[in-house]
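TrEMBL lists 12, 13, 14, 15, 16, 17, 18, 19, 69, 104 with the feature substrate binding site.
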């Protein structure tokens, strides 16, 4: 790995009541529930073990979506890493418009898919927002691995943009994905990793 190569960990926030109920979250702002806090703590421990085991690694950085569920998860991770956390609006969730808060299965039953439901932000627009943010991160943050706490729709869209042949991700709550990049070229090193309750 050359000195110009950067490691980015795309992490999904912990569970909220909307997740537990199967509702589309988008720009709604439900907080982590008790399960979500416990998930975030396990995720933080797993990332801390992974990042501190790498020799001669610079201090990590933590970014997040501005939504409370992501910010709370990021704060837990940052505390475990001894890092600061910052908000970046570009990593916000997909906007589900009038479908926000509705049961996902009911939206799919009515419209055939979430993508076809009226008022939903196109995935192409999500990628147009987050791909430049990903490519810019190594320039905007000088050294060290970067943990970005964001949302399942964002992570799925971005991974598919990087590798269209890859099977769709599950992207469970409090899971992480590892990208390794240099000069805007990204290798997908790991996907859908979630620490277990016993981890």
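We count from 1, first residue shown onward.
Backbone N, Cα and C atoms are what each Cβ position is placed from, and that goes for glycine too.
The structure, with features from TrEMBL marked on it.
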residue : record                 : DSSP (3 states)
12      : substrate binding site : strand
18      : substrate binding site : helix
69      : substrate binding site : helix
Same-chain residues at least 6 apart in sequence whose Cβ lies under 8 Å from residue 12 (substrate binding site): 149, 150, 151, 152, 155, 171, 172, 173, 174, 175, 176
Protein Cβ atoms within 10 Å of residue 16 (substrate binding site), excluding its own: 23
Cβ neighbour count (within 10 Å, all chains shown) around residue 18 (substrate binding site): 20
Maximum Cα-Cα separation in Å among residues 12, 13, 14, 15, 16, 17, 18, 19, 69, 104, which the record lists as binding substrate: 19
Spatial neighbours of residue 14 (substrate binding site) that are distant in sequence (at least 6 apart) but have CB under 8 A: 32, 35, 36, 37, 38, 39, 40, 43, 69, 72, 73, 173, 174
